[in-house]
Amino acid sequence: MALSNIRLEVMNTVEKSVQGFIDKYLIPVEEIWQPTDLLPNLQQEEGFEQVHQIREEAKELGYDFWVVLVADMVTEEALPTYESWLMDMEGVEQHGKSRGEQNSWAKWVRHWTGEENRHGDTLNKYLYLSGRVNMKEIEKTTQHLINDGFDIGTGRDPYRNFVYTSFQELATNISHKRVGQLAKKKGNKMLAKMCNIIAGDEMRHYMAYREFVKTIFEHDPSEMMLAFQDMMKKKIVMPAQFIRESGQGIAEAFENFSNAAQRLGVYTTHDYIDILKKLNAYWEIDKMRELSDDAEKARDYLMALPDRMTRIAERIAVPQDSHKFKWVEANGMV
Ligand SMILES: [Fe+2]
Ligand SMILES: [Fe+2]
């Protein structure tokens, strides 16, 4: 219990800085881009020409590409899972003390969710317009994924959750950016722009979450270190860990999606290791002193982990055969 009380104290202390983080890392509604800025405007005739352009350009993109884009979109669309999970963290209080007064952590979660919600919206509309995928199958996958929820190994602990979100925001930044680069290479300008702009949001979110962790390190270094170690020992799972196609059991589509992402080079084990290195560097793990004995061991474990993982990664081969997904077996697919 004592442990948990210190966490709560730290969360309450850092809460006073959260409005500043919101101002620094999030963008007000009136200023930020919206999905329609990047999509054809169907209130105008020329919007239909752009739809044709999207459909033409989409013909150049390969099978694995569509699988990865679909799964990335579905991952974004499972946002209700992430919002409710984060809202449930210790120290986040969604019921204001008085009318109009919000706990700043709850405000962060809401505003972060508001920004994230635009990602799934954008990609969903793009996929629909592309004509290359079976939307109904994708919609079923999204509904299944929301039903199935996730379990990222953090419990209600904010320290573990902020390690997870720091890691995962950078992972999504990398994967959206890479999908954008592949789209651009095939001359698909509109999609490339969408992916790049989404990747930009993910970068801001990453910068915010890593700052939360850095701030917690200042208040409670040993416990923060142990939480970081625990998350890396468990491995950072993907938010879409439970993804399935219609008719499948829970999580059955995940491995094939992950293999497609690795084959394309959109998100690989080496990216995972790079993210860990970046977090170690930003949080200056190697410089941490005055830790408990356990936390010192955790620090040394974390510093040694990237090299250890690299040795293992070199031995793993990614299967080369594409699994056939219902998502991309669309009517009229050539
Ligand atoms: Fe996102
Ligand atoms: Fe994100």
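We count from 1, first residue shown onward.
Glycine is treated like the rest: Cβ placed from N, Cα and C.
Those TrEMBL annotations? Automatic predictions, nothing curated.
Going through Glu9, Glu15, Glu202, Glu211 against TrEMBL, the one listed in the Fe cation 1 site together with Glu76, Glu116, His119 turns out to be Glu202. Within Glu77, Glu83, Glu169, the residue that TrEMBL lists together with Glu116, Glu202, His205 for binding Fe cation 2 is Glu169. Here the binding-site residues are His119, His205, and the one ringed by the most other CB atoms within 10 angstroms is His119. For the binding-site residues Glu116, Glu169, the ranking by surrounding Cβ atoms (within 10 Å, all protein chains) places Glu169 first.
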